[in-house]
Amino acid sequence: MASPRQRWVLASGNAGKLEEMRSLLAALDIELVAQTEFDVPDAEETGIAFVDNALIKARHAAALTGLPAIADDSGLAVDALNGAPGVYSARYAGTHGDDAANNAKLVAALEGLAPEQRGAAFHCCLVATRGASDPVPVIAHGVWRGRVLEAPRGDCGFGYDPLFWVDEENASAAEMGAARKNAISHRARAMRQLVEQLRGDDHNG
Ligand SMILES: O=P(O)(O)OP(=O)(O)OP(=O)(O)OC[C@H]1O[C@@H](n2cnc3c(O)ncnc32)[C@H](O)[C@@H]1O
Ligand SMILES: [Mg+2]
């Protein structure tokens, strides 16, 4: 599928995600173009599961550009909130993509909980579709476990990164730096799987 210099559209309007996806996809010899460069508007994310929304976004971008597409649907599932905000992570506080408001709401929701009650997982579902009606899209899923801090720490990354504490790193996702995050994150794990499958595709002709 990923023949040399094939063009793919990255079906995301999130600048933080796009930067990470580009760096994670550097292993594939493909030209990646953000959907915003084609004026593709955000798709309506009506799915119940991450994979539903990733499929919706990939098909939407492929349909409007005529190119193969890669989409990411991701979010934070907090144990004490029974998996919320989950697929609603981007609009947890009401306004889509208002990271500061989302983080403030999360801090308030977990107020008073002890560290061992603050477990959470970042999920990332990636979908690669060869076209809008591809009957066999490639799907990958990565999970990254950590703990929600009582207050933000660090300036790197995006979204919930300043609240996501990773014990083994002794750092929040916003403190560890892009290179480290891109080695161990939910998105890194999903992308390794996706790249593996796309490479397999090449070999299968
Ligand atoms: O749908 P697109 O256009 O890709 O962009 P989006 O920002 O709406 O993305 P999602 O619908 O997948 O929502 C993901 C939410 O989870 C957050 N999130 C996902 N990955 C993250 C990461 O690596 N670090 C911090 N927050 C993350 C992100 O900030 C959003 O609030
Ligand atoms: Mg979205």
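Residue numbers in this text run from 1 along the chain shown.
For all residues, glycine too, the Cβ spot is worked out from N, Cα and C.
TrEMBL lists D73 with the feature active site, proton acceptor. For D73 (active site, proton acceptor), the same-chain residues lying six or more positions away in sequence with a CB closer than 8 A to its CB are E45, G47, F50, V51, D52, N53, A54, K57, V87, C124, C125, V127. D73 (active site, proton acceptor) falls within a strand segment according to DSSP.
Reduced to three states, the DSSP call for G16 (substrate binding site) is helix. Feature annotation from TrEMBL assigns substrate binding site to S12, G13, N14, A15, G16, K17, S74, F158, G159, Y160, D161, K181, H186, R187.
Within 10 Å of the Cβ of E44 (Mg(2+) binding site) there are 10 other Cβ atoms, across all protein chains. Taken from TrEMBL, the feature Mg(2+) binding site applies to E44, D73.
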Distance from E44 (Mg(2+) binding site) back to G159 (substrate binding site), taken between C-alpha atoms, in Å: 20
Intrachain C-beta neighbours of S74 (substrate binding site), sequence separation six or more, cut-off 8 angstroms: K17, F50, S89, F122, H123, C124, C125, H186, R187
Residue from S12, N14, G16, D161 whose C-alpha is spatially nearest that of E44 (Mg(2+) binding site), among the binding-site residues: S12
